[in-house]
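Trainee: Dropping the structure in here first, questions after.
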Amino acid sequence: MNPQAKLVFIFSLLLGTTTTITSNHWIMAWAGLEINTLSILPLISKSHHPRAIEAATKYFLTQATASALVLFSSMTNAWHTGQWDITQMTHPTSCLILTSAIAMKLGMVPFHFWFPEVLQGSPLTTGLLLSTIMKLPPITLLFMTHHSLNPTLLACMAIMSAALGGWMGLNQTQVRKVLAFSSISHLGWMTIILSFNPKLTLLNFYLYTLMTLSIFLTLNTIKVLKLSTLITSWTKAPSLSAMLLLTLLSLAGLPPLTGFLPKWLIIQELTKQNMAPMATMISLFSLLGLYFYLRLAYCATITLPPHTTNHMKQWHSHKPASTLIAISAIASTMLLPISPMISAIL
């Protein structure tokens with residue numbers, strides 16, 4: 001792709017995201033979402049491979065439907081209350097339609113079917129954008145309207161997302177699909193706490209973004225797309241593979257790594273709200289995710305398969321890892337000791 005064109009698309013992506021997260025009016029928020037969708041489409045389909053074109057088409061149709069529902073819910077609310085302000089979403093039907101629309105934009109269960117397919121058809125760098133920055137505007141809209149949304153509906157969708165994200169990731173061999181189901185599972189953790197402590201939702205999203213950034217950049221550096229390639233990639237960059245192991249375990253939420261912090265705070269808050277059964281269920285469902293993170297970590301660093309493999313071992317690379325990978329990997333694994341400071345900020 002032409003570098004100038006890529007720069008224009010990335011600038012439009014940042015413009016759309018900024019427009020949505022800074023707007024108070026529904027039409028401005030909707031316009032930002034549309035700019036976002038249109039600017040990511042060329043980045044998904046830039047390889048001109050049939051799978052990439054299919055992914056771009058699926059993404060466009062899903063996001064267009066979700067944007068139409070956002071517009072419809074805001075118009076219904078304005079019709080009944082005369083308010084276009086995002087924080088004044090009070091009509092029950094509008095809130096229900098808005099919840100469905102944002103769940104579709106994020107890829108939450110039961111609107112999750114498009115997300116693994118789109119991520120599988122995209123390059124790793126575009127997959128990183130889809131998993132992180134493209135989720136920021138819808139999560140901001142959830143944050144701004146959380147007082148109006150139905151907590152029972154959000155809790156049910158969250159539990160289903162955590163269960164399905166863990167369950168469907170178990171038998172995947174493509175790394176991008178595993179990370180897509182991991183994203184769906186994390187969305188469950190973000191949504192379940194939204195009605196009670198929305199700042200925890202944002203904290204979870206920021207830390208998830210940090211860990212996902214580290215994983216996608218590492219995979220992009222060692223050029224890995226599936227498990228069979230991951231098995232032989234440790235010879236190329238042993239230090240990167242070791243950091244990938246720690247970051248994957250952090251994403252799984254194991255102590256004493258960074259990923260344990262949001263899960264710990266969310267379980268604590270749910271228990272305070274007398275929702276211990278919900279906390280127990282979502283914790284048990286996260287064990288399903290732990291299995292496939294361990295599988296990825298095992299393939300990345302611990303062993304070569306006992307049988308002879310058709311894949312050649314890769315040459316050792318002496319090129320130093322980028323500073324961004326180093327910073328994100330350290331932050332992804334070592335932020336737990338400063339959790340009292342983070343809790344004080346919240």
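Positions of Cβ are set from backbone N, Cα and C atoms, glycine also.
So TrEMBL says this about it:
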- 1-20: signal peptide (SIGNAL)
- 23-286: domain 'NADH:quinone oxidoreductase/Mrp antiporter transmembrane' (DOMAIN)
- 56-76: transmembrane segment (TRANSMEM)
- 96-115: transmembrane segment (TRANSMEM)
- 152-171: transmembrane segment (TRANSMEM)
- 178-197: transmembrane segment (TRANSMEM)
- 203-225: transmembrane segment (TRANSMEM)
- 237-255: transmembrane segment (TRANSMEM)
- 275-294: transmembrane segment (TRANSMEM)
- 290-342: domain 'NADH dehydrogenase subunit 2 C-terminal' (DOMAIN)
- 321-345: transmembrane segment (TRANSMEM)
Trainee: Should anything in the same chain at least six residues away from the signal peptide (1-20) have a Cβ under 8 Å from its Cβ atoms, list it; otherwise answer none.
Mentor: 28-29, 31-40, 42-43, 46, 129, 133, 136-137, 140-141
Trainee: Any residues 6+ beyond the ends of the transmembrane segment (321-345) with a Cβ under 8 Å from its own?
Mentor: 203, 207, 210-211, 213-214, 217-218, 221, 237, 239-240, 243, 246-247, 250-251, 255-261, 264-265
Trainee: Taking 56-76, 152-171, 178-197, 203-225, 237-255 as candidates, which has the most Cβ pairs under 8 Å with the transmembrane segment (275-294)?
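Mentor: Going through each listed stretch, the top one turns out to be 152-171.
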Trainee: Who are the long-range neighbours of the transmembrane segment (178-197) in its own chain, taking Cβ under 8 Å and residues 6 or more past its ends?
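Mentor: Here the qualifying positions are 106-109, 112, 115-116, 119-120, 127, 131, 135, 139, 142-143, 146, 149, 151, 154-155, 157-166, 168-169, 172, 204-205, 208, 212, 215-216, 251, 262-263, 266, 269-270, 273, 278, 282, 285-286, 288-289, 292-293, 296, 346.
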